[in-house]
There are 2 protein chains.
Amino acid sequence: MTTLPGQLNPTPRLLLGPGPSDAHPRVLSVMSTPLLGHLDPQFLEIMTETQTMLREVYQTKNQLTFPVSATGMAGMETCFVNLIEPGDPVVVCSIGYFGTRMIDVAGRTGAKLTVKEKPWGQVFDLNELRDILKETRPKVLGLVHAETSTGALQDISQVGKLCHEFGTLLITDCVTTLGCTPVKLDEWEVDAAFSCSQKGLSCPPGMSPISFSPRAVDALKSRKTKVQSWYLDLTSIQSYWSGDRAYHHTAPITMVYALREGLRLVLEEGLEARYARHLRNHAALRAGLEALGLEYIAAESCRLPQVNAVKIPAGVDDVAGRKHLLNEFGIEIGGGLGDFKGKAWRIGIMGYNSRSICVLSVLAALEHVLRGAGVKVTPGSGVAAAELAYSA
Amino acid sequence: MTTLPGQLNPTPRLLLGPGPSDAHPRVLSVMSTPLLGHLDPQFLEIMTETQTMLREVYQTKNQLTFPVSATGMAGMETCFVNLIEPGDPVVVCSIGYFGTRMIDVAGRTGAKLTVKEKPWGQVFDLNELRDILKETRPKVLGLVHAETSTGALQDISQVGKLCHEFGTLLITDCVTTLGCTPVKLDEWEVDAAFSCSQKGLSCPPGMSPISFSPRAVDALKSRKTKVQSWYLDLTSIQSYWSGDRAYHHTAPITMVYALREGLRLVLEEGLEARYARHLRNHAALRAGLEALGLEYIAAESCRLPQVNAVKIPAGVDDVAGRKHLLNEFGIEIGGGLGDFKGKAWRIGIMGYNSRSICVLSVLAALEHVLRGAGVKVTPGSGVAAAELAYSA
């Protein structure tokens, strides 16, 4: 190697895409804390504290609740590989890109997989789900709570109960909801949930908090085959996180520090206050985006507050627009995935970044970008509409 | 929740077990850097820099070289699940606890698995390996380079060539060697290697640097079945790390920052200087440990410099001794695993912690602990022997 790369010194960004969102400064700060060993009594205590807070945020008493040592997608895989054995009937009801991922993940477990899909931007209603369960009688139903590719929120509040009428376990993707909008695992009778660290919890990406209900744990215990993944095998990891603290793999100490701080921030604020904050900032952002002439993809009845997916106006180039935002204003928003590639922008105001200054900044910058691309926009209209919404 | 846990404020430790070792202060410092998006051009550049440095440290030109977004054990699983399809003949030659893990991981891939084992503390010689390959003609041979459970270094410098005589791919566990002792993937013709971030690279745990040779990439490309793990599927991850930077999963940004800084530190020092430093500190530690009457498990011919596994003297309680070290001196060392549970102590001087002050501290503290447990030790003898070794 001729010359080494220089000191890390990135130009600061404001991360308003579908994730990662900016980590809270207090989270960044704890990440410089020197390491502890993964079996140090002090670290075991930190693990317990983290789990206790995580249960609170997931609104569950589930004993088997802890962060998987990898990013959100590993959490998805953890849920499927632990609950499914080859030949098990599984249904994935997909409403977008991350539903498609569930199909791919579930398909690798040897499951007898049935796929049900809705046009992107829509969600399933309870009657449709009932019919699907009746028809397929699956061991597991997989459903994405917040489909960040479309900005749609799938109501899952009644789905767990429904599943249990059919002896089905419900796996839900809470990657984009946890810490932003209500996730009530016990009340909703969700059997296995996974999330991430870099959205509603305001940490860097790198951990996937999961939670398994007693029903799911029973299914895990009655497996006849080994879990196909060693790294994600809850039958052994749980003895590190839930049992006798026996060594499984070396936990990512610093990421656990971060998650602990992120969870402290959530609970200091309080769940209800946090949800209300996300709704308030969403209302302002939405007013501003609509004033700029941007149209939402998901219907109002199932719209996510934390990820705002809008159609890119005719004549505006996706990549050029986002580059403009990034290079001139340091603001990152997301492009479209899959069917929506080149057609959608996704604006995330999650966790720490669900703040009025983020809303106003992105509206002001977007207005500039749209005008630059030849769209007619009344100067200041986005910000003005947001201001009005805030004062309403 | 009645009261929230307080601010993170752990009592400092000196981590001299088999890992994690202390992260370098410069690594801890970069971890407070605000996030970038995982597709930000700045982050893509950071990824490229990290990969370039990683190739240098692995001494390889392998294109497919990058850190898996999880801890070292996920790297092991990545190597096996990507190279093995159901029915493939695989041999694991085990010399200790992590060999046993390879057996478990390989066994979950549907491989036709043959296990060869040596008594813990010993290693395989080339003739033995040749006989095994002749007998079994496997697609893959799995071998641990440094068996941290016994402190034994398995010479792998000629094993790749040997494997290739039989059309076999060599997977090696370099978790404890990378950044401490030579790892020369190209010269040694290793086909797939994995490591960790928390030992020789002086980062927190959370990433597993892997590297696949062109031969291994060919095997990957000619798979007939999907890789059983979605999260670890190199056929898709490589398009994020090696190809068109297409989104696979959200990279653990902060851990990549850390790894980049850890690799910069390795290359600033220089590989040869770094290996020499590890040998020098090992020689001193060894002189000290032997002066204290502690006996190594592994024969001198195959002894690891960075993890020193010694027998616990008769009459000394494992757990009580380590507790004493931890609580009185803030020093963590490791206990024994598997066969050596309660019988061995493992002292790691790796990466940033391969320093004379660490060597002298642990010797002084161990002397105190041994004397406290009733072992007859001449006061100062461990430190004196180490000092003598340093001045030799």
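Heads up, residue numbers simply count up from 1 along the chain you see.
From the backbone N, Cα and C atoms, a Cβ is placed for every residue, glycine too.
Feature annotations, courtesy of TrEMBL:
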type: BINDING; residues: B:Arg346; note: substrate binding site
type: DOMAIN; residues: B:38-336; note: domain 'Aminotransferase class V'
type: MOD_RES; residues: B:Lys199; note: N6-(pyridoxal phosphate)lysine
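The number of other CB atoms found within 10 A of the CB of the residue listed as 'substrate binding site', across every protein chain shown, is 24. Distance noted between the C-alpha atoms of B:Arg346 (substrate binding site) and the residue listed as 'N6-(pyridoxal phosphate)lysine' is 14 Å. The predicted model assigns the domain 'Aminotransferase class V' (B:38-336) a mean pLDDT of 97.
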